[in-house]
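Undergrad: Residues or ranges marked as transmembrane segment in TrEMBL: A:12-34, A:55-71, A:83-103, A:115-138, A:158-176, A:188-207, A:223-241, A:248-268, A:274-294, A:314-335.
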Amino acid sequence: MADFFFHTTLGQILLIVLESLAVLVPLLLGVAYLTLAERKVMAAMQLRKGPNVNGPFGVLQAFADAIKMLTKETVIPAGANRMLFLFAPFLTFSLAMIAWAVIPTGNGLAIANINVGILYLLAISSLGVYGMLIAGWASNSKYAFLGGLRSAAQMVSYEVSIGLVIVCVLLAVGSLNLNDIVLAQRHVWFCLPMFPMFIVFFISALAETNRAPFDLPEGESELVAGFFVEYSALAFGLFFLGEYANMFLMSGMVSILFLGGWLPPLGIAPFTWIPGPLWLIAKILFCLFVFIWVRATFPRYRYDQLMRLGWKVFLPFSLAWMVLTAGFLMVTGLLPGGVG
Amino acid sequence: MMTQIVFYVFAAVLVLSATMVVCARNPVHSVLFLILAFFNAAGLFLIAGAEFLAMTLVIVYVGAVAVLFLFVVMMLDVNFTRMREGVQRYAPIGGLVGGVLLVELVMAFARWRSASNIDQIAHLVPSSPTRTNTAALGDVIYTHYIFLFQSCALVLLVAMIGAIVLTLRDRPSGRRQNIDRQHDRVPHDSLEMLQVPLGAGVAAQGGFLRPHESYDVAAVPGTYGTEAWRVREATEETQAVLVVTKPAESTKGKGDA
């Protein structure tokens, strides 16, 4: 059996397909239930009940929404660029999926354990902006276009600070491999020694996924629904799922970079009984809860405040922290990989 | 075998999308084809084993440079019919430039030789199976060619500062938000309580309530809303002023509210 999977071409292809399914099926289920969880958690925070009609505690609400979305008509506005209009949601959705190829769920347990894993994640997340920009432009609508432009400017700005935060982590790890990044946190999770960077990264992740309080690209009160205002039915559904899958991805990145990935909090008995993937899922769910918590708590930023935060606060701060980290590691001789 | 097939797929799509960059009628489509070309170039890098370069190509060119391209091109107000008129006129010139470039490239590549001191340079990058090419590149750039690398960075820095200097316009009349000043502000700075007799109005006492320091010629009683005030409003940044007589006109200090 093992011989078939590891030594024949067909077996290897089959193995990759099975591995992908093992990641994507839980992910998509998670995305479906994240929409429900968001409504339930927000409802609890606002002293409401949230969806409670479909199934016990409303657990079937996600499927009711999906069926409703599938049975609706796809409306393509007049003057829209048809090809690009339909291409944009597929792009957003598939980008949110393919990034999961490198996320390790256990020691060496990733579909692709590549040496430049973190760069791959950075590259994929920086592509997310195209889905929105193309959607905004192809819709031939001024609200959608404004939403697209806003999201482009916002995501490019916050990518800079995300990149610098990642550099800080990489300085301490000495490798671009996600597996090595997690293993480097065996003794202490990076969220403790790099607590400020952890916060900067989390806030940048909020901005990168267009979540409240940075949901300006889709600010309902001013742009109706931003870049996907013209979308309906399945195309809208794909955007929606893509956004939530991106939240999962960003939570996964936070977990791997700062919360020790699949590692248990302490390497002693009761914690080590729980398998690694469950720890990773627990950490991702915690991050997602904070995403929702933030949404229920903070009012939306104004656009100039958003840009000020990104460029005038986070950029200099993370740059200074990077220099500090490098200097500290150099002085204490903790710099990994040996200094020649 | 597999590698060769993948190489030809990437190369074919690369050449095709590069052609479409030039041929597409819609400039936005051109930029999108350019992005596709970048992608396939990254794929070629991957096949060559240069994983770091491939990822950097995607992050820098696709993730940042092309976004700005697209940003600008989308905002352009392009007249497609007028653009097509120009094609006939400029085609010969464009073809000529392209031809010259092609000939030059062919001549350059036909005489391509490796440097004579290749053996001396090669040891700078000791290759071993465990060494990632990120580490190898870092070694070469930051250890052996650090000064060249730093000069490149300086050139970019100068370009960046130059772009900012050229495009930064300081509009004195604009109302800019100064967050530190807003945080430092206390009620005493901008408000002054007056005792106003019943039925008398505040015009006789200064028109509106504000600190003594901001009293000046333009703000004598009864001049509010006249030309003199407007001139002052347009040229100077003033503290917030609370108008008690005309609340509807309290447009001052919007950003400080």
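Glycine is treated like the rest: Cβ placed from N, Cα and C.
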Undergrad: Which sequence-distant residues neighbour the transmembrane segment (A:248-268)? Criterion: at least 6 residues beyond either end, Cβ under 8 Å.
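TA: Apart from its flanks, the transmembrane segment (A:248-268) reaches 27, 30-31, 34, 96, 99-100, 103-107, 109, 121, 125, 165-166, 169, 178, 181-182, 185-186, 189-191, 194, 197-198, 201-202, 205, 208-209, 274, 276-277, 279-280, 283-288, 291.
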Undergrad: Within the same chain, where does the transmembrane segment (A:55-71) have neighbours whose Cβ lies under 8 angstroms from its own Cβ atoms, ignoring anything closer than 6 residues to its ends? I mean 6 or more beyond.
TA: 32-33, 35-36, 39-40, 233-234, 236-237
Undergrad: Most CB pairs under 8 Å with the transmembrane segment (A:188-207): which of A:83-103, A:115-138, A:158-176, A:314-335?
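TA: When the Cβ pairs under 8 Å are tallied, A:158-176 comes out ahead.
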Undergrad: Are the transmembrane segment (A:223-241) and the transmembrane segment (A:314-335) close, by which I mean at least 3 Cβ pairs under 8 Å that are 6+ residues apart in sequence?
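TA: Stretch pair does not touch.
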